[in-house]
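Heads up, the thing below is written out as structure tokens.
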Amino acid sequence: MSKVQGGMKCVKYLLFVFNFIFWLSGSLVLAVGLWLRFDPDTTNLLDENNAPEHFFIAVYILIGAGGVMMLVGFFGCFGAVRESQCLLGSFFACLLVIFGAEVAAGVFGFLNKDKIIQDVQKYYQSAMEISNGTAITSMYHKVLECCGTESSRPPDLCTDDSHVKNCDKAIEDFFKEKLFIIGYVGIGIAGIMIIGMIFSMVLCCAIRNSREVI
């Protein structure tokens, strides 16, 4: 029985340490999500009324998952210390839900990468074609250091001293970098959560077995 108790204490402390790391990871995910949402460059490019919203959908999933991770990490620490099967079971269920959200954010970012980039490119091209789109195109030129597209370089927008890089390529490079951050963060944290689910189930089983022995 002492070996069972000793093993249970070991798992309990491991789960407590894991949950503290998990809480810190949630803080990191939340910070990354907020940075992606309020990054001045991204905000300037996509904050107009008719701008594509697909990119921000993945960002909002990341922000929500990060906030819930912080909350769940706190309750996971409490459940481990109290050795409560109910709290540990709830912790496992919450991890499973967040795991799904994180994977969804990562998969959404990777699968919709081309569509998001194409939508933003079309948005820029349509802004070049309308008379009141000068403010939008100017913002793209300033943020991305580009001008025009591969097939169109309007002389009224792109002067001789304008940036040589075309905006289609600049938009692709910019959003690929952002979407890879979303994908890697989502999948990386999902891997950490798998470890947490294993720890919580092991501790839950150890608690049940020790009570049966008693």
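Heads up, the Cβ atoms here are built off N, Cα and C, so glycines get one too.
Nobody curates TrEMBL annotations by hand; they come from automatic prediction.
Bear in mind that the values here come from a model prediction, so they are computed numbers and not experimental data.
What TrEMBL records for 12-35 (among others) is transmembrane segment.
Residues or ranges marked as transmembrane segment in TrEMBL: 55-81 (among others).
The transmembrane segment annotation in TrEMBL covers 88-111 (among others). Within the chain, the transmembrane segment (88-111) has long-range Cβ neighbours (under 8 A, six or more residues past its boundaries) at 29, 57-58, 61-62, 64-65, 68-69, 72, 75-76, 79-80, 179-180, 182-187, 189-190, 193-194, 196-197, 200-201, 203-204, 207.
According to TrEMBL, the transmembrane segment annotation covers 181-207 (among others).
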Same chain only, please: residues at least 6 beyond the ends of the transmembrane segment (55-81) with a C-beta under 8 Å from a C-beta of the stretch. Say none if there are none.
12-13, 15-16, 18-20, 22-34, 36-37, 42, 46, 87-88, 90-91, 94-95, 97-98, 101-102, 104-105, 108-109, 112, 116, 120, 175, 178-179, 182, 185-186, 189, 196, 200, 203
